[in-house]
Amino acid sequence: MTALPGPLWLLGLALCALGGGGPGLRPPPGCPQRRLGARERRDVQREILAVLGLPGRPRPRAPPAASRLPASAPLFMLDLYHAMAGDDDEDGAPAERRLGRADLVMSFVNMVERDRALGHQEPHWKEFRFDLTQIPAGEAVTAAEFRIYKVPSIHLLNRTLHVSMFQVVQEQSNRESDLFFLDLQTLRAGDEGWLVLDVTAASDCWLLKRHKDLGLRLYVETEDGHSVDPGLAGLLGQRAPRSQQPFVVTFFRASPSPIRTPRAVRPLRRRQPKKSNELPQANRLPGIFDDVHGSHGRQVCRRHELYVSFQDLGWLDWVIAPQGYSAYYCEGECSFPLDSCMNATNHAILQSLVHLMMPDAVPKACCAPTKLSATSVLYYDSSNNVILRKHRNMVVKACGCH
């Protein structure tokens, strides 16, 4: 019996067909050597989107040819992806402390930028706004950061600067807007690099009012309280190179599993067990000089290759990484006696014994995953925000008899 992780079991044959055509990839034995038709491909795409927790295929806007250099948010998220992908042990510590227990990370690019730095009007400030409509409902925010790049200031020599961040709570027509303090960082005017401000406290408002974000406002002051134009302090905005533009990154603790829409499932035809009065021969332990075939050339329960190709699905216009991943599946015989290499449960051993006595009443034990791990997918949403999602129980790590 074949077992795939989670709801992927219905897609096994289709994915073999999709993944078998890539360079250097060999489909597992028994996979159909054909390409899917248009309708079948759409069905497979819809199923995988549901597994990934997406209601539909994202359609990001292609950037102009002149601005296709790497942008700051995707570069940062790609670093996070590699950190998360390196931590494939569900029980291990995360590769990066800032990831914490988050399994969903979203970045938001600066959509609107306002300045008050003209003439001698004070205080000076810079305001940023973001498209937060894609924030998922029902997710808990574990952290949120505003990242802005700073170059050395030639106007302030090496003075100490205080950079403060506020959330705009309510705009007023006849006075200053109502603000909520978020974070304060102290640095030197000659410093260079990414400045990170904690804006987690604003996340509750984002979750409640996705369509009414009034933005974040940044102030810079000297030690004596004099207001400084953020641009003169070396803080870059929308006019900066794409790799140095400001953005917000938010960490979520996602739901344990995506909510999948019900669909029609074709009933599987169950094969009738062959009647035999002969006891099966003992399975051989796989060793260096022999294969993993049991008696009569049948394979014992083990893990097989199953590659899911995002490239063959035509999704590389929105999936940043990876181009595909190995999901694997479990298949093979669980015949008595069950060797230690089969990772059999006590129940599987008992079921195998009863099957010997009553083969028509009790089926054999099943070959199924005994250990699953997560895989991470980095992609653009339809608003060109970059999303990093960790999907649990997507990769078979070990198989056994159940």
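A Cβ is built for glycine as well, from the same backbone N, Cα and C atoms used for every other residue.
Looking up CYS399 in Swiss-Prot gives a disulphide bond whose other cysteine, out of CYS31, CYS205, CYS330, is CYS330.
Each of CYS301, CYS341 is a candidate, yet Swiss-Prot gives the disulfide link of CYS367 to CYS301. Note: Swiss-Prot links CYS401 through a disulfide bond to CYS334 (candidates: CYS205, CYS334, CYS341).
Fewest Cβ neighbours within 10 Å among the disulfide-bonded residues CYS367, CYS399: this applies to CYS399. Long-range Cβ neighbours of ASN158 (N-linked glycosylation site) (same chain, at least 6 residues apart, Cβ-Cβ under 8 Å): ARG188, ALA189, GLY190. Comparing CYS399 (disulfide bond) with CYS367 (disulfide bond), their Cα atoms are 7 Å apart once rounded.
Separation of the C-alpha atoms of CYS367 (disulfide bond) and CYS401 (disulfide bond): 5 Å, rounded to the nearest whole number.
A Cα-Cα distance of 6 Å separates CYS301 (disulfide bond) from CYS334 (disulfide bond).
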